[in-house]
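Shown next, in structure tokens, is the structure this report addresses.
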Amino acid sequence: MKFLDQAKIYVRSGDGGNGVVAFRREKYIEFGGPDGGNGGRGGDIVFEAVENLNTLIDFRYTQHFRARKGGNGAGSDRTGAAAPPVVIKVPVGTQILDDDRETLLADLDAPGKRIVLLRGGDGGHGNAMFKTSTNRAPRRADPGWPGEERWVWLRLKLIADAGLVGLPNAGKSTFLSVASAARPKIADYPFTTLHPQLGVVRLSMTEEFVLADIPGLIEGAHDGAGLGDRFLGHVERCAALIHLIDGAAGDVVDAWRTIRGELEAYGGGLADKPELIVLNKMDAMTPHQIAGRRSALERASGCKVMVISAAAHQGVDAVLRETLRMIREQRQ
């Protein structure tokens with residue numbers, strides 16, 4: 001399934017039904033009086049977050065949603081039927097933005113959460129509503145009120161407990177595949193992963209968390225370089241970050257600073273999230289190189305650095321345990 005995390009759609013609620021002009025007509029009743037009923041309400045536009053979706057790809061093919069008009073009134077004071085709502089199902093974590101892509105209208109961040117974005121128009125009054133002591137037989141009925149319409153943007157921010165960040169080819173996809181049942185594409189070239197990947201990490205029957213692999217960032221991503229920073233939005237909801245660094249690539253401190261700079265430039269509190277720095281590919285380094293690069297990273301970051309080999313399954317469990325501890329600390 002293709003991944004799509006942004007979509008623009010048109011929504012319109014239903015018009016209200018028209019009121020009707022009608023008079024009571026029965027045997028032996030010469031002047032029955034007005035009995036025209038009111039129109040029914042138009043259909044609402046409702047958004048609902050559901051668990052079994054993880055992409056907005058459906059909105060690439062269906063971009064217009066219109067609710068039905070309410071039923072017209074009828075004689076004998078019968079009110080028109082209200083039109084059913086149009087329920088638009090979106091993945092959990094979807095934000096609804098105005099056409100300017102800035103104004104947040106709703107944040108559907110929990111399964112089952114619903115929002116009535118547009119209300120259907122009210123039904124018009126039938127002539128029975130206009131009867132007075134001086135106007136016993138009104139011939140006036142109102143049309144239904146029009147519905148509302150607007151263009152909106154849908155933006156998906158995946159719900160994950162921890163985010164996996166790092167430069168391209170740092171080994172993030174390999175780490176995710178080892179840590180969870182996810183099977184992302186893995187290859188020895190930059191930008192193998194083009195879309196965020198989610199995996200559930202199960203440490204025991206009662207201990208698990210969701211890990212998101214964010215496509216590789218490069219210097220200048222916040223200005224659109226590489227894949228840009230659009231996928232950083234998926235990290236905003238994470239409680240902790242695993243910063244994976246390719247230990248065999250050379251200047252590990254420069255690699256760490258590059259990603260830190262992008263997190264700070266993006267904003268949104270990303271730079272303030274708890275960060276676990278992990279030096280990957282220990283199997284491709286000598287013990288002397290491991291000690292030197294680990295020490296340099298710890299001096300630059302002021303944090304403890306863990307060393308692993310995702311490909312050889314070395315040290316991964318310890319990283320996952322520490323990540324779970326950080327998540328629990330943040331969620332309290």
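Just so it is clear, glycine is given a Cβ too, placed from its N, Cα and C backbone atoms.
Under the heading domain 'Obg', Swiss-Prot lists 1-159, citing sequence analysis as support. As a whole-number mean, the pLDDT of the domain 'Obg' (1-159) in this prediction is 89.
What Swiss-Prot lists as domain 'OBG-type G' is 160-328.
LYS172 (GTP binding site) counts 29 other C-beta atoms within 10 Å of its own C-beta, drawing on all protein chains shown. Annotation source Swiss-Prot lists GTP binding site at 166-173, 191-195, 213-216, 280-283, 309-311.
Look at Swiss-Prot and you will find SER173, THR193 tagged as Mg(2+) binding site. Cβ contacts within 10 Å of SER173 (Mg(2+) binding site), excluding its own Cβ and spanning all protein chains shown: 24.
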Q: Could you say which of the binding-site residues GLY166, PRO215 has its Cβ with the most other Cβ atoms inside 10 Å?
A: GLY166
Q. Out of ASN169, SER309, which has the highest number of nearby Cβ atoms, where nearby means within 10 Å of its Cβ, if these are the binding-site residues?
A. SER309
**Q.** Cβ packing number for LYS281 (GTP binding site), 10 Å threshold
**A.** 23
